[in-house]
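Lifted from TrEMBL, the feature list:
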type	residues	note
TRANSMEM	80-98	transmembrane segment
TRANSMEM	104-121	transmembrane segment
TRANSMEM	300-321	transmembrane segment
TRANSMEM	350-375	transmembrane segment
ACT_SITE	D423	active site, 4-aspartylphosphate intermediate
BINDING	D423, K424, T425, E544, F591, K614, R648, T729, G730, D731, R837, K843, N866, D867	ATP binding site
DOMAIN	889-1140	domain 'P-type ATPase C-terminal'
TRANSMEM	917-938	transmembrane segment
TRANSMEM	953-973	transmembrane segment
TRANSMEM	1003-1021	transmembrane segment
TRANSMEM	1041-1064	transmembrane segment
TRANSMEM	1071-1090	transmembrane segment
TRANSMEM	1110-1130	transmembrane segment
Amino acid sequence: MPGKRRRALHLCEMGSFPCARPPPAGDGGGGAGYSRVVYCNDPGCPEATQLDYPGNAISTTRYTVANFIPKSLFEQFRRVANVFFLIVGIVSFSPLAPYRAVSVLLPLIVVVGATMIKEAFEDWRRKKQDIEVNNRKVQVYDGTRAFYQTEWKKLRVGDIVKVEKDEFFPADLLFLSSSFDDGICYVETMNLDGETNLKRKQCLEVTTTLHNECSFHKFKALIRCEDPNEKLYSFIGTMQYQGAQYPLAPQQILLRDSKLRNTQHIYGVVIFTGHDTKVMQNAMDPPSKRSNIERRMDKIVYVLFSGLVLIASTGSIFFGIKTKGEISDRNYRWYIRPDKSSIYFDPSRVALAAFFHFLTSLMLYGCLIPISLYISIEIVKVLQSTFINQDREMYCEETDKPACARTSNLNEELGQVNTILSDKTGTLTCNSMEFVKCSIGGVGYGSGLSEAEEAVRRGSQYESSELKDPPISSEGYNCAAVTRKSVKGFNFKDDRLMNRQWIKEPQSDVIQKFFRILAICHTAIPLVNNSSGDISYEAESPDEAAFVTAARELGFQFYERTQTSISLHEFDPNIGRKVDRTYKLLNILEFSSTRKRMSVIVKTEEDQLLLFCKGADSVIFERLAKNGQEFEAKTKCHINYYSEAGLRTLAIAYRKLSVEEYKKWHEEFLLAKSSVNADRDAIVDETAEKIERDLILVGATAVEDRLQKGVPECINKLAQAGIKIWILTGDKLETAINIGYACQVLRKCMKQIVITLDTPDIDALKKGENNAIEKALHESVAKQIRDAHSQVSVLKGSSGLFALIIDGNSLAFALSRSLENLFLDLAVDCAFVICCRTSPKQKALVTRLVKRSTRKTTLAIGDGANDVGMLQEADIGVGISGVEGMQAVMSSDFAIAQFRFLERLLLVHGHWCYRRIAAMICYFFYKNITFGFILFWFEAHAFFSGQPAYNDWYISFYNVAFTSLPVIALGVFDKDVPSRICLKFPSLHQDGVHNIFFSWPRILGWMLNGVCSSVIIYYFTTSAILQQPFNKDGHGAGTDILGAAMYTCVVWTVNCQLALCLGYFTWIHHVFIWGSIFFWYIFLIIYGSFPPTISTTAYRVFLEACAPSPLYWLSTLFVVISALLPYFLYSTFQRTFFPKYYNIIQSVRLENH
């Protein structure tokens, strides 16, 4: 396409953008949201300067140098545990502290500092990217017939820029001209919406002559347009130039971060800069999602806080009672000297002394709160995400795309998914359309069975859609097996049309119109292979590419497009050979989800004006002229048959226009396009309605979107796992039902409940008044839901399964406040739910309803922009990186290449991650309770004196050094069963759905285990150490030896406890568990070698006292075994007499080995 300039074309316009005769100049509307004014090629004028638009520099960082420390600290201390330890650290500088302040603050500094360093590193990477982007070069017009290079960040609104081939657009630009004479260019929008297919842009014809530096010298124009917004696919504005006003539309806008392709260069004027550009307006963080486990973990932390306050209060009460008794001579302890007491121990001010003791106790038992839990979980989840990303079983060779965990916050949620809400097209199917059948002039063409038909023949038969011969004319039909080259998008077999045999058909003129419409009514771009001469097509949708390909294969080859024309190699039956025909493009009325159709208005070489239209059958049929309904009945019959076969259908029609009618409509259309206000799109659609009427029906198309590989097997496995599956699709009800059979969502044994408003009785109701119609429709849906609910309730106990199918019109009423709960109750009782004809908004509303009402984990999966709302609304959003671009992926939490990988993502990684995180958190609380309660028993033994049982540095290093790595290994590497067992027994997934591993009984059980371990360790150690001589010389053990001995037992017990609950050992587990224990002894030797002023009670305690004593080693062995015995006995008893499902599977696996 790039190359020398072509002869300028001065025709009307390509698409819906005027360039022949502009409407009179004026303000074009305006108002709130439409106040932006751009002075083209004069950004330095006083009027432009007063507008004070932002510069073009961008910043995507969360922090600046000035606010990093305060803002990051604020983020860290939003966590309750960090606030608690900060307060404890501050109070530790007072005489109330039971140990030195530095030992309290060190763990907090390590945890907060590590997180801040991580955030600083991530933000610095973003900063470097910003610097690189802001310093990119672009050519800017200097106002004196020359362009010069400058940085992107220096651009101003109104500047004229020149962008070369394969360069990114530096800002949002109004497209003025290009290296092509007719003012077109090709743009890749990968960075905006992820789509790789090229978009065709076109400038106004009035600016196509601005093709070199000299031509811009006198160029001055005024643009009035919409204010900055996030809408990528819309733009409303006008340009006043040379005394006339020209409407602007998205086709003239080149968005920042999209790339120029297949065009040597373009010129444009800057409209939006920096953070005003549409790509930056869309740059927002996705909604914050937290897992159920994380939310419950917060509650557990509050429980521990309550426990901390309780035991601190208990100790303070006993301390107060004992202190008050010191006044009496009988209770007097001579060494405390109450006659010279301080404020912290004053029998005359007991309440104050008890309060100070309470503060001391809060600091003393602070280790009950696991300060390192949050950062440990973050590390574990990041490593879990790495394993998901590196899983070769979820790598797609066809697209070269691995699985991608875009967030690590929700790993464990994958193992708790109860409901999947899935899109169909591109998610369950390939979104690679193939033209397979068509109806032309009331005659059906095309043979072969679709996947849905094959599924019906295999036995999954929809009772009202009995497999039967299609109601098509097959006279003279012969489909001999002919070997021919496979063509992407074309799987049509019918000898009546192939190889130009269509000219022998009775209605060859209708067939000619049909394929001519397919070859012209589109926005595709032809791409010519220079070496072979073959033509392929870049289209905005797979359907459109299939239509153009089908027309080419049947003799109507689209080969060239300009701004104002489209050219075909067309077979002419009159002369028996191909001829070149060029059709002048006057307007393109583009497809939208509201219009459900697209039209083109063309002028033939014979000066005949024609409107070609394709769209949904419901939309086309209601716009037919009386003389255009000749084939309506037969075409409807064919469309119904195609829908039941799981095919996607469109109706094809046309009409002839008179010159007078077109001119009158065109003036009105230009005025509609020139308005600059919020209602412009509605006004334009209303104007288009006036020309898209009195159509003549030609026929209908049927394309097949084949299922992705492994979809039926995956859905079957997910169903065995007890996961409910909802399919939300825009297809017709019949199509959705048969696709349901093809992917095994529906089965013959199921009882189907269909709720629809597409019945003759409802059609009769629609002829009344609007209010009465709405009320009647609402009552009809309510009655259908109530009847279905009664039916399900009666048969609920039977072995039969139910499937609910509801169409979009009925769904709109079902989601109303009065019916939503009743509808959800019905849907929950059904094994599968299919929602047909759903809009993107309805998808999001259904997802919200399911999530909010069931209060169980929901997962939404989709591949297109219309699925973004659904993905963000669900607890987990999974994007399919398919052919519809990457919008869904960019809004998702996890991305996979094909639906079948969802099986492994949920049943393997989900199960593992859920079990690991749950076990890790339970173990974390266990080890901290074990450690903290020993301090409580010691203080009770010492009359609540506020003295710690351990050296202060022992306490500081407990969570940081001696127990941190084993728990991370547990969270990353442990597995109860291997992946093949997870897939073989999908019911294991129900452990997560029912939250078996993180239920309150299990959490409280681990806490009780911690309390029991603390009791055994404390009392057994004190009995063994204090009741007899410790050394050979007969001396007893002091608090230094007792503290070291108890701490040794704690380190051994909690690490061995982790080893007992592991289901899978690796060398990493061995290194971390036994290495942590070994490191305790190394620490004790090194720390004990410091002077007594530093090491205090740890001074040479191991080398001189503990290590030489056999009692130390024997007591450690005895106490550790005793502390582990309760868990071992309970676990053995539970597995033997009350085994869980996973216990049974583990036992079977061991027996098989």
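Glycine too: its Cβ is placed from the backbone N, Cα and C atoms.
All annotation found in TrEMBL is predicted automatically rather than curated by experts.
Of the recorded ranges 300-321, 1003-1021, 1041-1064, 1071-1090, 1110-1130, the transmembrane segment (80-98) has the largest number of C-beta contacts under 8 angstroms with 300-321. If you look at the transmembrane segment (953-973) against the transmembrane segment (1110-1130), you find fewer than three C-beta pairs under 8 angstroms, all six or more positions apart, and that falls short of contact. If you look at the transmembrane segment (300-321) against the transmembrane segment (1071-1090), you find fewer than three C-beta pairs under 8 angstroms, all six or more positions apart, and that falls short of contact.
Just going by CB pairs under 8 A, the stretch in 350-375, 917-938, 1003-1021, 1041-1064, 1110-1130 that sits most against the transmembrane segment (1071-1090) is 1041-1064.
Long-range contacts of the transmembrane segment (350-375) within its own chain (CB-CB distance under 8 A, at least 6 residues past either end) are made by residues 79, 81-82, 84-85, 88, 91-92, 96-99, 104, 107-108, 111, 114-115, 297, 301, 304-305, 307-309, 311-313, 315-317, 319-320, 323-324, 343-344, 921, 924-925, 928-929, 931-933, 935-936, 939, 944, 946, 948, 955, 958-960, 964. Proximity of the transmembrane segment (917-938) to the transmembrane segment (1110-1130) is not established, fewer than 3 Cβ-Cβ distances being under 8 Å for residue pairs spaced 6 or more apart. The number of other Cβ atoms within 10 Å of the Cβ belonging to N866 (ATP binding site), over all protein chains shown, comes to 23.
Maximum intra-site Cα distance, ATP binding residues D423, K424, T425, E544, F591, K614, R648, T729, G730, D731, R837, K843, N866, D867: 26 Å. For R648 (ATP binding site), the count of additional Cβ atoms within 10 Å of its Cβ stands at 22 [all protein chains shown].
Calculated from their C-alpha atoms, the gap between F591 (ATP binding site) and D423 (active site, 4-aspartylphosphate intermediate) amounts to 21 Å.
The two recorded residues N866 (ATP binding site) and D423 (active site, 4-aspartylphosphate intermediate) have their Cα atoms spaced 9 Å from each other. Among the recorded stretches 104-121, 1003-1021, 1110-1130, the one sharing the largest number of Cβ pairs closer than 8 Å with the transmembrane segment (1041-1064) is 1110-1130. Closest to the residue listed as 'active site, 4-aspartylphosphate intermediate' in space, going by CA atoms and restricting to the binding-site residues R648, G730, R837, is G730. Across the residues of the domain 'P-type ATPase C-terminal' (889-1140), the predicted structure has a mean pLDDT of 90. Counting only residues at least six positions away in the same chain, the Cβ atoms of N431, D705, T729, G730, D731, D863, G864 sit under 8 Å from the Cβ of T425 (ATP binding site). The binding-site residues considered are F591, G730; of these, F591 has the fewest other C-beta atoms within 10 angstroms of its C-beta. For R837 (ATP binding site), applying a Cβ distance below 8 Å and a minimum sequence separation of six or more within one chain yields T729, G730, D731, K732, L733, D807, G808, N809, L811. The number of other CB atoms found within 10 A of the CB of the residue listed as 'active site, 4-aspartylphosphate intermediate', across every protein chain shown, is 29.
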